[in-house]
Amino acid sequence: MAGKNRNNNRNDPFFTHDSRKKRKPNKDQPLEDDAEIESDFEDEQDDAFFTRDGEDNSDNESLEKEDEETEAEARKRIANDYLKMVRDISQKEKDQMDDDDDESDDDGARDSLVAQKLIKEQQEESGRVRRSIASRVQVAETSGGGFRVLVKHRNSVTAVALSEDDSRGFSASKDGTIMHWDVNSGKCEKYKWPSDSVLKSHGVKEPQGKATKQSKHVLALAVTSDGRYLATGGLDRHVHLWDTRTREHIQAFPGHRGPVSCLTFREGTSELFSGSYDRTVKIWNAEDRTYMNTLFGHQSEVVGIDCLRKERVLTVGRDRSMQLFKVHEESRLVFRAPGSSLESCCFVNNEELLSGSDDGSIELWTLLRKKPVFILRNAHALLTNGIKSDQNHTEGIPNGDLENGHHHPENHSCSSVFSWVSAVNVCRNSDLAASGAGNGSVRLWAVESETKDIKPLHDVPLVGFVNSLAFAKSAQFLVAGVGQEPRLGRWGRTPEARNGVAILPLKLS
């Protein structure tokens, strides 16, 4: 009987095993050309957007490195930096509680707080402890009544990210501007793109076809847990690596045959995952500045990606699928959307997933089912008659999933680009989630793991296309990347929107 079940699992497309061997990083060996991937791109299309570049990353040996470290030294440095950050946070917390103890008592209490904090974080990251904060969240009152603009950009913001300690933020826009800013003061510093000759020495390949220069259009960014490296990607098909301490460009990874649409670092490591319009996900090592592997599976453009501490990467694509790649096991799980294209995704925890669709719905998934366990309809519906959607009731649908709300098509429409759920994000190790679209609001949700549903909390006005969201790890605020246009195209426009980064202060009761 057990053998029969194993054979059934082997034939089940939900459990798809990748027979390809995992490549090991090797600086002396050039990358293989991804020639087996048939490009969907036409020669007539804009070569500034689609330039043929299947070449490899074989020039790493000639690149100069600022710091030569062994692997053991790098691990030690990262551990020391993280321990120092935890100590600083613990010291601030203790200073707020008590300022009258003597110095020896302070040291002992601080070490105790550090130990407790490390144990708590380890439990949260392993999934054994989950913060139930959604029911306690209150939107803090501001002079503007909700979101306020923290950083301004000239063009639509396409991506935002926060440092591990919530003190710094990063944002990028369609004009190639990359900003590094302080969360409290809003003071920002701009990353400067180097000259073409420097970019070429860092690994950038020459544009081909009609394109005469490299595009600086940025679609995605990600930052390492230690805050040392920033990765960006966009229309030039390269993954760019930056040093956040000096704000200088240090490396460019070629290899993708299409625009780089999404990026994420594995938590606590320098392992970088990049998704592209060429339907692949590539793995890089920012510390060693090397290519590691390519993951195949999507049949169309990859547009969203996320990763936690485990070596598992979650992706969504225009092929109406969400896929979970188990890198170490060389296998993947394929989840099929019920009838719409998925635009965004994120982990709730190691066992639950969240996605946003272009029909205005949000889906909750578990690793045990191929279909969503809960579908929230009309999450960002357009109000044609000024009447809000009733989203407080649930009803069953034939496949056993749950569907939210009673849909009234005469009052609401989710067929427009303004209702596409372009961003979803979950406050790490908690039940608090947020979603954004172009309908003029950001919504906060409570993800109920026990009942497998999603409950509405707050609807916060924000004019423009919400292209990216990032929760503070402390749950004290939410940042949103906003623009007049969608992240991946120009299918709609909101002229009254302000391009920039908006911040929403949050309070826990």
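Here the Cβ of each residue, glycine as well, is placed from N, Cα and C on the backbone.
As the structure is a computational prediction, the values presented were derived from the model and not from experiment.
Here TrEMBL flags 1-11 as compositional bias 'Polar residues'.
Marked as compositional bias 'Acidic residues' by TrEMBL: 31-47 (among others).
For 56-71 (among others), the entry in TrEMBL reads compositional bias 'Acidic residues'.
TrEMBL lists 72-95 with the feature compositional bias 'Basic and acidic residues'.
Look at TrEMBL and you will find 96-108 (among others) tagged as compositional bias 'Acidic residues'.
What TrEMBL lists as region 'Disordered' is 1-108 (among others).
TrEMBL lists 389-408 (among others) with the feature region 'Disordered'.
Tertiary neighbourhood of the repeat 'WD' (150-191): same-chain residues 85, 88-89, 215-223, 225-227, 230, 232, 234, 242, 244, 247, 249, 465, 467-474, 476-477, 479-487, 498-503, selected by CB-CB distance under 8 Å and a gap of 6+ residues from either end. The annotation repeat 'WD' is assigned in TrEMBL to 150-191 (among others).
Helix, strand and coil residue tallies for the repeat 'WD' (211-252), in that order: 0 helix, 22 strand, 20 coil [DSSP]. The annotation repeat 'WD' is assigned in TrEMBL to 211-252 (among others).
The feature repeat 'WD' is assigned by TrEMBL to 253-294 (among others).
Counting only same-chain residues 6+ beyond the ends of the repeat 'WD' (211-252), those with a CB under 8 A from a CB of the stretch are 47-49, 51, 53, 63, 66, 78, 81-82, 158-165, 168, 170-178, 180, 189-194, 196, 198-199, 202-205, 258-265, 267-270, 272, 274, 276, 282, 284, 286-287, 289, 487-488.
On the 0 to 100 pLDDT scale, the repeat 'WD' (253-294) averages 95 in the predicted structure. DSSP places the residues of the repeat 'WD' (253-294) in helix, strand and coil in these numbers: 0 helix, 23 strand, 19 coil.
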